[in-house]
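Database features, via TrEMBL:
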DOMAIN    11-394  domain 'Major facilitator superfamily (MFS) profile'
TRANSMEM  12-37  transmembrane segment
TRANSMEM  49-66  transmembrane segment
TRANSMEM  78-97  transmembrane segment
TRANSMEM  103-125  transmembrane segment
TRANSMEM  137-161  transmembrane segment
TRANSMEM  167-188  transmembrane segment
TRANSMEM  219-240  transmembrane segment
TRANSMEM  246-270  transmembrane segment
TRANSMEM  282-299  transmembrane segment
TRANSMEM  305-328  transmembrane segment
TRANSMEM  340-361  transmembrane segment
TRANSMEM  367-388  transmembrane segment
């Protein structure tokens, strides 16, 4: 890549970070609207689970089959494809007249987020010109968590207080996506395609052999991290409605937003720490948070549930940042995107665990038993992840 003015790199870095955050915001934007769509189209919790599952499926398929593609064709083509798919999915939501249109919108949205995830994370590392090698990974995880938390809050406010609750929010979102689509033309290609090189369309995800051990340690840490985030996102609206008797979509969205943004703040505060330090502090906090969230949910204690929210946000932010940071240090430039894709496959799998497993187990076991069982399993996994990472040596750049 030709040498460009520092201001061009800085502006491009900001554009990619903003675009990544915007697309992850779109990934959670529909969540508060499921209740309204359910009333319009006559579906319940089971259909809602399927709509969410289709989003996760789209994200995972994009990461598996195209996660490493930007290592071959460049970062910009994947970014443009992700934005185009996101605009298309937004149109499906805007004009949704039935459940199949919602399913199509969620599937395309998932593919868009999956395509952008690995390409944006790699591009941020390549655009950064500072000396702090952990900074691009921190911005990537902050954009991801910040966007995931912002979606429910924005959609909740639109749905609760503004007209056309299932339309206006997507008009605004689609306009913003179209704007960053145009701004992306300003961003230079950081990993140009080699002339004459044929594209290998076979799935190319996973860390290179020398870094497989580090990938495994990062992946086993990020799964319980995102399981906690998914669990909290699904439990919070029920807790607020049942315990506080508050049926306000904006307040439910605000509670979810607080968890994710505490994670972002934790990443900013501890951004100078070694990745391994972050993981080994974050995982015990996750275990404590899971215990507190479960206790608060079962007893209806708002204070305990709130304390679990704060501790969980800090733990999730540290573990997510640390896992991606140590993986980024261990993989070479030419394998960055496919390695990041593999990391986010683990993260998305963790995000799906609570929704799908509790949905499947609630029928035969009941909500309380199903939730307790899932949380217990995740706590054990987090403990195992801590032991595995505790025994590993420090990763240096």
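Every residue gets a Cβ built from N, Cα and C, even glycine.
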Winner by Cβ pairs under 8 Å against the transmembrane segment (103-125), considering only 12-37, 219-240, 282-299, 305-328: 12-37
Other parts of the chain folded back onto the transmembrane segment (49-66), taken as Cβ under 8 Å at six or more residues beyond its ends: 27, 30, 34, 78, 99, 102-103, 106-115, 117-118, 203, 205, 341-342, 344-345, 348-349, 351-352, 355-356, 359
Winner by Cβ pairs under 8 Å against the transmembrane segment (78-97), considering only 12-37, 167-188, 219-240, 246-270, 340-361: 167-188
The transmembrane segment (167-188) in contact with the transmembrane segment (219-240), cutoff 8 A, at least 3 CB pairs, sep 6+: no
Same-chain residues near the transmembrane segment (219-240), Cβ under 8 Å, at least 6 residues beyond its ends: 28, 31, 145, 148, 152, 246, 248, 251-252, 255-256, 259-260, 279, 282-283, 286, 289-290, 293, 296-297, 305, 309, 312, 315-316, 319-320, 322-324, 342-343, 346-355, 358, 371, 374-375, 378-379, 381-382, 384-385, 388-389
Distant-in-sequence neighbours of the transmembrane segment (246-270), which means Cβ under 8 A and at least six residues beyond its ends: 32, 35, 138, 141-142, 145-146, 148-150, 152-157, 159-161, 229, 232-233, 236-237, 240, 278, 309-310, 312-314, 316-318, 320-321
Sequence-remote partners of the transmembrane segment (340-361) [C-beta within less than 8 Å, at least six residues beyond its ends]: 45-46, 49, 52-53, 56, 59-60, 63-64, 67-68, 114, 117-118, 121-122, 205-207, 215, 218-220, 222-227, 229-231, 234, 320, 323-324, 327-328, 367, 369-371, 373-374, 378
Residues from the same chain, set at least six apart from the ends of the transmembrane segment (12-37), whose C-beta lies under 8 A from its own: 43, 48, 51, 55, 59, 79, 82-83, 86, 89-90, 93, 96, 102, 105-106, 109-110, 112-113, 116-117, 120-121, 123-124, 127-128, 139-140, 143-144, 146-152, 154-156, 159, 165-166, 169-170, 173, 176-177, 180, 183-184, 186-188, 233, 249, 252-253
For the domain 'Major facilitator superfamily (MFS) profile' (11-394), the mean pLDDT of the predicted model: 90
